[in-house]
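Taken from TrEMBL as is:
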DOMAIN    705-765  domain 'CBS'
TRANSMEM  83-109  transmembrane segment
TRANSMEM  129-155  transmembrane segment
TRANSMEM  245-268  transmembrane segment
TRANSMEM  332-352  transmembrane segment
TRANSMEM  372-393  transmembrane segment
TRANSMEM  455-474  transmembrane segment
TRANSMEM  480-498  transmembrane segment
TRANSMEM  510-534  transmembrane segment
TRANSMEM  540-557  transmembrane segment
Amino acid sequence: MASKDLQDYPADFEPETADDQELPLLEPHHRIDLRRSASNATSQVALIGSNVCPIESLDFEMIENDFIKHDWRSRGRSQILRYVLLKWTLCFLIGAIAGCVGFFNNLAVENIAGVKFVVTSNMMLANKYAWAFGVFAVSNFVLTMFASVITACIAPAAAGSGIPEVKAYLNGVDAPDIFSLRTLAVKIVGSIAAVSSSLHVGKAGPMVHTGACIASILGQGGSRKYGLTCKWLRYFKNDRDRRDLVTCGAAAGVAAAFRAPVGGVLFALESVASWWRSALLWRTFFTTAIVAVVLRALIDICKSGKCGLFGKGGLIMFDVTADKITYHLVDLPPVIVLGIIGGILGSLYNFLLEKVLRIYNHINEKGIAYKLLLAAGISVLTSCCLFGLPWLASCRPCPAGLKEACPSIGRSGNFKKFQCAPDHYNDLASLFFNTNDDTIRNLFSAGTDDVFNRYSIIVFFVMSYFLGIISYGVVAPSGLFVPVILTGATYGRLVGMLMGSHSTLDHGLFAVLGSASLLGGTMRMTVSVCVIILELTNNLLLLPLVMLVLLISKSVADTSTANIYDLIVKLKGLPYLEAHVEPYMRQLTVSDVVTGPLQIFNGVEKISTIVHVLKTTGHHGFPVIDKPPFSPSRVLFGIISRAHLLVLLKKREFLNSCTLSSFEDTKHFSADDFAKRGSGKRDSIDDIELTAEEMEMFVDLHPFSNTSPYTVVETMSLAKAVILFREVGLRHLLVIPKSSDREPVVGILTRHDFMPEHILGLHPLLQRSRSKRLRFGKFAPVTLLRSCFSSYGDTL
């Protein structure tokens, strides 16, 4: 089966099945009918952001043909040195720009949200509570709708965190506009508006997508459409180099969001990258180091008071825990309990979020109006909760001997006055009526064991847990990191309160460990989360406890559900290749999943044949076969891509007869002609008009065919083939026969052929042997809720 990735088809394209597909009328040697004539019917569209879009595979393989080999041989030492220096220069630019964008995002959020809270607080001080709620709710509504409108109408690919799309891209899946300039602009502006609107969303996830967009745009060498091309950047117009740059960009995004350069590197390695090597590790580390330097310089500028309301709550740096942390053996049981609870809550969080996103997808399918209506409803609900629930809490007298003002004046602080009398504060308002960053700081603060009431913490935990679940699916840039950190900090402090005198640990330390445990339970990251938490708190003494709680929470959660990003990748329909293979794949050979018919080309092919195949199929890779008189027998010469065929047709360097071309004929081409284009409209066969005379001419495919494609014998197990496919980063894997008396190639495998839906569709009896995760017992929360939602989930 040739590549089935879609490039030029509309978003509502449905792949044809073997029963209704009209096969091209070619000579027998152009079409090889395989044992399985049914074509692969797996979906070739996916949910990108908030819209369904066609997807296609990336090709990280090094293409070797005569033309490219000659181009590389013609390069001198200076060009090779320029290539190396450009890579480092681009890494520097990615880090510098990502650092500036991260600082700008925080500066904007702190000032926009800060003005909103200051104006609302001033009205409440004047006892104008109705006006205060009106200003608060309308401000949140306007900001939410602004973020939703620009996302839904301008760049739907900017919706959500973007981490699933980045993860899929680095795995080899591409989609329109995921890294375009328009997506980048909407991601930045929309994230600022959404976070400022008090929605329970974060800006860390969007920063990962933002960093990846910056890297992709810098690496694509400008824009031909606007005449901004750079010839010396053509070296990076390939999937391999862009993959490296996008990996650096994703790491820079995390570093800019949390001021955690090492954590950013480990996040890219542990969570999003499917392929890694030591040279990439070094470049990624250099990129995040530049981010840290840029942030440090910009923050120093703000210390002079020139950044408005930007203060301690800006870039997350929770340097608030005790300088000296001591713990004993008696403190380990509470920490273990914290990890177990974090694993259970994390798996439940993932389960509920998946169900909510399925419901939201069903709503969003009805059109933009429904998307905006959903966002409006979430905004109104959030405003009512944030403003209304603090009225349920009783006022508390200000503790004596405080270093900070009580009640707090302005937008931040542990002691919000809200509706209380002088010298009193509302502890629940201190949690609800703040930015997420300031609330996390309040919860992480050491020496505040008596500041918050137990019932206020319970109310805030329940609301933050469910607001985080229902807020993520709105059509706006939104992240999960900060809401999970906030919710985890709340239940961590609650556990500390319940332990009382049974533990010597500070409640602020319990909050830090609670955040780590819930992150481990939802995202299943250990090393990167551990380092990010340490960089957030700036306290290395936490390392043993954080490691312990992460290991326990991840182990508990792994028995129930997958990590949150894997669930969202699957929910979006992205054909992601896992690092592990399913056991049933060892029972199959590659010939068991190869489908047909297979389209092939001769080494010297007629133009009309090429045009007909390109117009009647969506394939992206075609085997090139040599036959007499160009070879003693029919042999496999290589493989040629659709993109390269389109270049040959556009150039119109055709032959009048079926003969081999000379080396002089290839001088009309340049390496830039075959470089992969960046974001935007791609070439289509429908855009090329050829005369009847040209259709009867020929083209020599030999100089432009990849003469060393990866091949596997038809008896290789499917498990070995999928490991090879993923580790090398292939787009096409040729299957060759075991005996020499058959056709030189029997099929092509693409990533869609390794999808469980396709394999189990061909072999339904293997469904029983498919690996299954361990589940909780019959009294487990996830199992109980799964049974409650099962009947409803089947209808979506």
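Using N, Cα and C of the backbone, Cβ positions are placed for all residues, glycine too.
Remember, predicted model here, so these are calculated numbers, not experimental data.
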- Message: Need one number: mean pLDDT over the domain 'CBS' (705-765).
- Response: 91
- Segment-segment contact (the transmembrane segment (455-474); the transmembrane segment (83-109)) at 3 or more Cβ pairs under 8 Å: no
- Query: With the transmembrane segment (332-352) as the reference, which stretch in 83-109, 129-155, 245-268, 480-498, 540-557 has the largest tally of C-beta pairs below 8 Å?
  - Reply: 540-557
- Note on the structure: Best-packed against the transmembrane segment (372-393), counting Cβ pairs under 8 Å over 129-155, 245-268, 480-498, is stretch 129-155
- Item | Folded-back contacts onto the transmembrane segment (129-155), same chain, C-beta under 8 angstroms, at least six residues removed | 49-50, 112, 116, 119-121, 123, 177, 180, 182-183, 185-187, 189-191, 193-194, 196-199, 368, 371-372, 375-376, 378-380, 382-384, 386-387, 419, 474-477
- Query: Where else in the chain does the transmembrane segment (480-498) make close Cβ contacts, counting only residues six or more beyond its ends and a cut-off under 8 Å?
  - Reply: 161, 200-205, 257, 316, 334, 337-338, 341-342, 345, 349, 431, 436-437, 439-440, 443-444, 449, 452, 454, 457-458, 460-461, 464-465, 467-468, 471-472, 505-519, 522-523, 564
- Item | Number of helical, extended and coil residues in the domain 'CBS' (705-765), per DSSP | 24 helix, 12 strand, 25 coil
